[in-house]
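A short write-up of the structure that comes next.
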Amino acid sequence: KGATDPEHPHNWSTIKRLVVVANVMVLTCVTYMGTSFYTPGQDLIEKEFHVGHVVGTLNLSLYILGFGLGPLVFGPLSEFVAFGRQRLFVWTLFLFAMLQIGCALVRNIAGLVILRFLSGVFCSPSLANGAAAVGDVVKPKHVPVVLGLWAIGALLGPAAGPLLGASMVVAKNWRYMFWLLMWIGSGTLISMVFFYPETNEDSILYRRCQRIRKATGDNRYYTTKSKVEENLSWKDVCITTLYRPFEMIIKEPIIIALNTYHAVEYGVFYLFFEAFPIVFTNVYHFTRVELGVSYMGFCVGCFTAYGVAMIFFCWYTAKKRANNTFTPETYLVLMIWICWTLPLSLFLFAWAAQVHWIIPMISEVIFIIGQFNVFQSVFS
């Protein structure tokens, strides 16, 4: 262990580290894609199962609820050396892909809602540990730049999902949306199995220790962290995984403040996915595939937002570092720069609902500049 250890992720070759970051990006994109993938077929699901619009939206809201609850367990769990990042990513992604088979074959709305909730829970490690996995292989000074690329994957997924889902609905039926998501998830799983090594340095050391034990037959070899964890009771593990996040929220008011702000704008982001079918289908008379294309404004906004973030990191924070006035709170200045884009975009979207279809799409770009950089500011 140390700065010169060739097995330390920071000392891997550039190609290997790029492959790791690319895998995390794709994993995050696919799991986030699952949130909105079904929205083009929501009306058909409601019709087949004889339910109203409110019940139909549970398939989106409970997926996101699972997405929010999962990190409370999977986030801390990935820090235990016996689990690490890689095993957690692989096993939960496998379960996520299998659940899509259930979604494609389900025969009642209650079953679909439950399966969607479980899908959200088991795809949440990408949210809980994606940024940590990037930080594992990227040196601290480069983390904000690479974290921005990861965030693009996180926001491209929900934007691209409706277009792919709409294509399946038009080509076959709504069940094929979930079949396609299963195959996309399975392809990502294969990539993760073969091209994603363990990145948590404590887990890497633990596995090295296990190899030495097996080769020498000497069980006296151990790592400091594994020794500590071996002495933990189930009560201690539960306190670490479940209690600690709430302890941080209670003791650090800034955490609950940022969480609340981020939760509101994240919730509004997904309200767009329920509003778009109403606006673009009923008002502008878009076809199902054209409705899927309407979400592409978010994709344009992602790259625009990343440019804004890079200007901030390469100009503003670089100057702060150069004159030794940089503090972690410096990142919050980015949030101050762009917070006005969120209410502006919502005003445009509401005001332009019967003017011209390009205005709501422009509001997508403006909104995602704010959403993306709030995400960047808080995570950094």
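Cβ coordinates are placed from backbone N, Cα and C, and glycine is handled just like the others.
What you are looking at is a predicted structure, and each value in this text was computed from that prediction instead of being measured.
Sequence annotations record features per position, and here TrEMBL assigns domain 'Major facilitator superfamily (MFS) profile' to 20-380. Look at TrEMBL and you will find 18-40, 60-81, 88-107, 113-134, 146-170, 176-197, 293-318, 330-351, 357-375 tagged as transmembrane segment.
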Name the range, of those listed as 60-81, 88-107, 113-134, 293-318, 357-375, that has the largest tally of Cβ pairs under 8 Å with the transmembrane segment (146-170).
293-318
Range from 88-107, 293-318, 357-375 with most C-beta pairs under 8 A to the transmembrane segment (176-197):
88-107
Within the same chain, where does the transmembrane segment (88-107) have neighbours whose Cβ lies under 8 angstroms from its own Cβ atoms, ignoring anything closer than 6 residues to its ends? I mean 6 or more beyond.
27, 31, 34, 74, 77-78, 115-116, 118-119, 122-126, 129, 133, 175-176, 178-179, 181-182, 185-186, 188-189, 192-193, 196
Residue numbers, six or more beyond the limits of the transmembrane segment (293-318), whose CB comes under 8 Å of its CB atoms:
36, 144-145, 148-149, 151-152, 155-156, 158-163, 273, 276, 280, 286, 326, 330-331, 333-334, 337-338, 357, 360-373, 376
